[in-house]
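Heads up, the thing below is written out as structure tokens.
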């Protein structure tokens with residue numbers, strides 16, 4: 001290797017090294033910092049008698065919303081309120097007794113199964129139990 | 001007095017070479033024919049962008065990008081700040097009209113085959129400008145932190161999240177986490193006032209430079225000697241400024257009679273409002289996602305729709321290289337028909353969003 005080639009390589013390598021030395025911290029800076037998420041498996045979603053038959057309530061389940069439904073038969077059901085299509089928050093439609101995602105009109109039955117529309121999977125269903133005066137919702141499994 | 005002005009001009013001319021620029025503007029000609037009307041939309045886009053920058057800078061004085069203050073600062077601008085309602089309404093209305101003007105400019109250039117050689121790069125930079133302005137619209141939509149914008153952002157970023165392998169990383173990067181939060185407002189604000197304006201200035205600079213150096217395209221089939229030409233300065237520029245004044249008047253009337261709404265403050269734990277839809281320029285994609293089946297050959301429908309739009313966009317961008325007839329100054333009816341199909345699809349699917357909300 002002659003002196004000219006050595007200088008070319010040395011300067012070129014230094015330039016690339018400097019670029020990477022700036023690029024790495026910049027990319028690291030741009031990526032979101034990881035947040036510690038507290039996993040909640042059980043929560044009091046409502047008080048007993050709070051929901052009349054054929055009504056629903058959106059409740060906070062950790063960092064995402066859940067939906068508690070008191071069916072017209074007086075049966076309590078709970079699901080994740082996040083639509084499996086494009087993560088809109090679903091609502092309970094009292095007229096039809098089904099769960100509707102207003103974003104793209106995806107519809108689920110009271111078992112959380114897809115009835116119509118684009119959602120590719122059923123809603124995640126939760127266990128519901130009565131504990132004293134509280135309606136407690138917990139994740140399955 | 002005249003002598004003073006003359007010496008100021010000479011001083012500036014010798015440093016900035018102004019006479020060269022004036023000579024260039026005087027020499028530059030613009031073709032005049034039965035389709036010349038469509039030339040004015042480029043200038044209108046530029047004018048509306050300038051209006052966006054000016055009103056955006058003014059809004060920065062009072063807007064605060066955080067979950068606890070974004071919506072409140074918009075209410076403050078609309079109700080307390082003198083002419084705040086006007087500044088925000090001009091910003092929002094002109095943003096929407098700008099996107100419409102870009103679409104008109106793009107389709108008119110397409111049908112006049114203005115993309116053909118040597119203007120391929122003008123077309124491609126224009127296409128990138130459309131993407132940048134759609135990103136402006138998407139990022140700006142969240143900033144007031146209302147329930148419509150909150151869910152639109154959730155849906156929009158989730159679409160990006162469906163991309164195989166990199167989708168989740170892109171979504172996390174855009175949102176600043178796994179969901180739409182305060183970090184998302186900060187990122188969208190950063191994009192809206194920092195990154196996107198920088199990109200716009202760079203791409204728009206190349207686009208305008210190409211238009212100036214290559215001149216305006218003439219439609220195919222008009223013989224060279226039959227095209228009338230008018231000077232760019234002052235004839236064309238005067239007509240252009242007339243269009244700008246007309247736009248300003250329309251925006252003024254819209255702002256006075258239909259000030260831009262504030263909406264309800266976003267609540268991540270509230271149900272999605274019934275009848276929710278994105279801004280009108282995303283409606284054709286929104287309706288497509290609504291009607292596409294959940295699975296097609298065991299592949300998720302939204303992924304197929306997303307790939308369809310990506311491939312369609314890529315073909316649209318590369319049309320100067322695909323349309324071989326236009327490149328040889330020959331008519332290309334196949335591409336015209338394709339253009340009409342794309343336009344019809346966008347119009348019909350947008351209309352479906354508004355006319356058949358229960359679809």
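Just so you know, glycine gets a Cβ as well, placed from its N, Cα and C.
Residues B:37-63 are the range that TrEMBL records as transmembrane segment, among B:37-63, B:64-90.
Taking TrEMBL as the reference, the stretch among B:148-167, B:168-187 described by the feature transmembrane segment is residues B:148-167.
Checking TrEMBL for transmembrane segment across the ranges B:93-112, B:213-232 points to B:93-112. Count of Cβ pairs under 8 Å against the transmembrane segment (B:37-63): among B:93-112, B:121-142, B:148-167, B:188-210, the largest is for B:93-112.
Mapped onto DSSP helix, strand and coil, the domain 'Cytochrome b/b6 C-terminal region profile' (B:222-359) counts 89 helix, 9 strand, 40 coil. Listed as Cβ neighbours of the transmembrane segment (B:148-167) (distance under 8 Å, sequence separation of 6 or more from its ends, same chain) are residues 138, 141-142, 174-175, 179-180, 184, 188, 263, 266-268, 272-273, 276, 278-279, 282, 289, 300, 302-303, 306.
Within the chain carrying the transmembrane segment (B:93-112), a Cβ under 8 angstroms from the stretch's Cβ atoms is held by residues 35, 38, 41-42, 44-45, 48-49, 51-52, 55, 123, 126-127, 129-130, 133-134, 136-137, 140, 217, 219, 247, 250-251, 254-255, 258, 260, 279-281, 319, 335-336, 339, 343, all 6 or more beyond its ends.
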